[in-house]
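Below are the features listed in TrEMBL for this protein:
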type	residues	note
TRANSMEM	38-61	transmembrane segment
DOMAIN	131-333	domain 'TLC'
TRANSMEM	136-154	transmembrane segment
TRANSMEM	180-200	transmembrane segment
TRANSMEM	263-282	transmembrane segment
TRANSMEM	302-325	transmembrane segment
REGION	344-366	region 'Disordered'
COMPBIAS	346-355	compositional bias 'Acidic residues'
Amino acid sequence: MDLYNWFWSPSVWIPPGYTWEDLAPREGHPYPNSSDLWVYPFIIAGSLLSLKYFILMPYVYAPIGKYFGVKNKHHKLPPVNLCLEKVYKKYKAEPPQDVMRSVTSEIGWNERQIQRWLRQRGASLQVTKLEKFCDCSWQLTYYILYCILGFVVHRDKSWLYDVRHCWYGFPEQFLDNDIWWYYMISLGFYWGQTFTHFFTPQRHDSVQMLCHHTVTITLTSLSFMVNMVRIGSLILLVHECADIPLLLAKIFGYCRRQKMMDIMFVFFVILWITTRLGVFPLRLLRSTIFEAHVQQQMFYPIYYIFNGMILSIFLMHLFWTYNIIQVIAKKFSAKNIVVDVRSSDDDLPSNDDEVYPQIKDTKKEK
């Protein structure tokens, strides 16, 4: 009980001079109700996942993808090879050179044959292009609608035009119904993304994506609990726009529309720089660090935790910006472009009909 009281102590969660009772929702005082976080996001997540998997993917996205020639072909598993299976589990498709030499000696294959086997093993775990097309189409649908909702919700909000209004009167700021829905829908979507993350093939940045979903859910829930919904809603608004041209670029890539893919990728880079490296750090992050404590006495533990999470998201932006730079460099050094800057290449080179030699029997040689 002492630990519980310590954890939920007002001195940790809310500004000095306030108690939880002061900020409890009641008649005439529509403050955020923390218990909503344990009910409505999960109802929305279930509804969105049902809409995605039972209606939109089989009856809308898949037929559209097939119409545009997106393939639904699964790669075959390579022949059973216990030695290479161990190598793949540890190093995936890129084992160190010393391991490669050791395996070459052990099974009697050359390096090219081993590399082909490892690539085919990785390709066999990937979802098909049509499945990727459907998933991108689902995300695109969500982000377009949520982005439109965001601008509609914020059109008459003073803090959209002057971020300092996020802190005027804090924490005694009432929660509007449209902002409540804006929050619950976002949490529902990201809870759904987190659930499905564990049932989809792992990508090279799966850990980073899971961290992103976790930080997003935690930060959104935290800002709701402590009534930082104004700055929180702006962070949500800024973050959803850049994903739209990226998803369009990926969809055009699956449909083999190279020119449109390149155009959308250019729009994505412009929006990414504007929102993730411009507006987010220079307006929102700067406001939470340098303006919040000027308007209110914000020096209490949750303030630092909140800013720490925002900084962690910005660090993820820098990591993905590095990936974008790599993609751009690859574009100018080759004839192709990889549009998914936050995952591995869409198709690992793999020949399902590759003929592999027999494994060398080292026991007979001895």
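Just so it is clear, glycine is given a Cβ too, placed from its N, Cα and C backbone atoms.
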Count the CB pairs under 8 A between the transmembrane segment (180-200) and each of 38-61, 136-154, 302-325, then give me the winner.
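Selected stretch: 38-61, with the most Cβ pairs under 8 Å.
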Take the transmembrane segment (38-61) and find every residue of the same chain, 6 or more past its ends, with a Cβ under 8 Å from one of its Cβ atoms.
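133-134, 137-138, 141-142, 184-185, 187-189, 191-192, 195-196.
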Looking only at the domain 'TLC' (131-333), what is the model's average confidence as pLDDT?
92
